[in-house]
C-alpha cells in the first residue's frame, strides 16, 4: 500500500499516480512506518549500493543519507552532483514572489523586518538587510595556525551541509535564485569547500553561524576562505575562478541570505554521515558477536528463532537470525558440540550474557539506529527555513521548521545506541582475553612460546577500557543542556549540530573498539588453529609412548598397563593445551600431573598384580614419563614450526565458516600478523591497518560477503 500525505511543493504535482492506489496519510505516520519495512541488512545493502553511484541527482525530496555520505567522504573520487531542471521553475517562482511582494510593500519577516527578537524593526533596503545578516552571523572563531584546524568544521561535514542545503532550497519555498544553487553545486563538483567554524550554532534558528560562512564565500566577504582540491587555502576570488562560477560575487536579493542560513543542513548533514557508518558498524557488531561465539566454543542455541519470536522485537529477531546464519554449519560449532558432549560439566550449562544475550542487547540498538536514520532522512528532505514562500496561496508563512529537534533527539538516541554496542563489545573482548573465561585460549591471547615474555593483548585490553569509558561518557544527552539564546527569542533550541558532533566522536571510538576486537578475534581464530594442531601432536605422542612403554612387559608379554592408553588420551582431550604447552612435561603443569594421576589410579585398581614387578603398572610410570619428556617437547616444536611455515597438519577451520571473508580480509588483504612476543610488531601497528581500512569503507564488502547467502529469515523451527 502506498501512502500520500496530501502535500505538494506549492507548484504543479506531476507525479501522475492514481490516487485510487493510495491511502490517505495526512499525518505521515503511514509513510514513516512503511519506511521501516524489510530487513535492516537489506537496507544497509541498498545504502552501500547508493553510496557507490557516480552521480547524486538532487530533486528536493529524494535525498538519502548514503548520498550525503558519498558526497561528504568522496570528494576526490569523481562523484558529481546534478540539479533537477524540473525544480528550476519552482525555485524561480518563489524568488520572483519575494521580489514582487517587496515591490508591493508587503511586510515579510527577514525581507523587510529585522531578525529574531528585533524583528520589530523595518527597512525597505532588502539587499542591504541580507548583507548585514551575513555580516553579523560571521561570529565564529577559527584561531590561527595549528589552532585553526581544531576550530574548523571538518570539510566532509561542510560538503554534507552544502548538499543538504541545496536539496532543501530546490523545493521552491525559500525565495532564492537557482543560480546560487548552481554555484554551490559547482563548488562541490570542483572540490572547493568553504571554511566553517566548528562551534557556534544551536541549530535553531537553523545552523545560522556556520551556514553564514557559505553565504560569505558566495558574496565575496573578505574574511571568507575556502579549501581547494589540493588542500590549499583559497580566497573567494580564487574559489570562484577555480569552480568556474561566472558573473562575480552574488549581490543577495531580499530573503536570499535568510534562505541560505536559516536551515538545519549542517546538523543533518553531519548526522547523515554519522548514521551511514553507524548502520554498517551495527551489522559488523552482529557478525563479530557470531565470530565471538565461534572462538569461545559457545552453544548456538542462543540464536534459536523461537526464543526471539516470543520476544517480538524485530531488531532482536534479525540480529539473532544473522548470528544463526553465521553459526549454522560452522566448523567451530561442530567441534564445540563434541567437546560439550564429551564433558558437559567442564563449563557452565549456559554461556555468559555477553554471548548468550547479544541478540537481545543489539536488537534495540539497531532499531534505534534505523529509526534515527529515517528521521534524519526526512529532515534532509524537509523545507526547514522561515518564512516559507507559498506561491500557490500567495503568502509567506511564518513558522519554525528551522528547529532541529529531530537532529538533536535522533543523534542523542543514536549515541546511546552506539555506546551500548561498545559496552557489549568491551564485555566480549574482556572474556576473550581472560583465560578464566575463554575456554582454553591463552591469557591475553598471547601467541608465543613463552608466556612469561609475551603479554599479547594486555595493552589492547587497557585501551579498550579507555575507549569504552569515553564512549559511555559521550552517551550522556546533549539536548537537555539547552540555554535560552538571542534575547530569549530562541529560548528553546535543539543543539542538533552539537549532538551530531558528539555522535561523530562516538562513531570514531566505536571504530577503534571494533578494530581492536576484530584483530583480537582473528588472533583467537589463529590460536584455535594452533591449539588444534598442538593437541593432535600431544595426543599422537602420548599414544605412541603409551604403546611403546605400556603395552608389553619385560619379556614381551601383554602388560596390564596397556589399558591405560584410552584414559591417558582422555586427559589430553580435557586439558586446555595452553595451560601447559610452553613446558609440556613440567611436573607443575596439569598435563603431567593428570597423566600421572591416571596411571596411579590404574595401578591402585590393579590389585595383587602390583606386587609382581613384571605386571606392576606403578613400575611403568617413570619409564612412561621419561620417554614422554624425551619426545614431546621436540614434537611440539616441530608442530609449531610447521604451522608457522604454512604447512600445518590440520588446516584452519575458519575456511569452512561463513565468517571467513572477514578473517581473510584482515589477515590476507590487509596483511596483519599473528601477534607474539617473539616478533617486533606491536598490536597497535596491526590495529592501524584495520582502522584505516574501516575508515575508508573497505571492510564493507567482506562484511556483506559473510551474509551474502542469508535469505533474510531465521532458520525454520523444527
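In case you wondered, yes, glycine gets a Cβ from its N, Cα and C as well.
Site annotation for (E)-cinnamate in Swiss-Prot covers 262, 350, 356, 458, 486, 489, and the matching candidate from 381, 386, 394, 434 is 386. Straight-line distance linking the Cα atoms of residue 489 ((E)-cinnamate binding site) and residue 109 (active site, proton donor/acceptor), rounded to a whole number, equals 14 Å. With 262, 350, 356, 386, 458, 486, 489 listed as the residues that bind (E)-cinnamate, the site has a largest C-alpha separation of 58 Å.
Between residue 205 (2,3-didehydroalanine (Ser)) and residue 486 ((E)-cinnamate binding site), the C-alpha separation comes to 10 Å. Taken residue by residue with DSSP, residue 350 ((E)-cinnamate binding site) is part of neither helix nor strand, so it is coil. If you measure from the Cα atom of residue 458 ((E)-cinnamate binding site) to that of residue 109 (active site, proton donor/acceptor), you get 62 Å. Taking only the Cα positions, the spacing between residue 356 ((E)-cinnamate binding site) and residue 109 (active site, proton donor/acceptor) is 58 angstrom. Neighbour list (residue 486 ((E)-cinnamate binding site), Cβ cut-off 8 Å, at least 6 residues apart, same chain): 116, 117, 205. With the fewest other C-beta atoms within 10 Å around its C-beta, 489 stands out among the binding-site residues 386, 489.
Distance from the CA of residue 109 (active site, proton donor/acceptor) to the CA of residue 262 ((E)-cinnamate binding site) is 12 Å.
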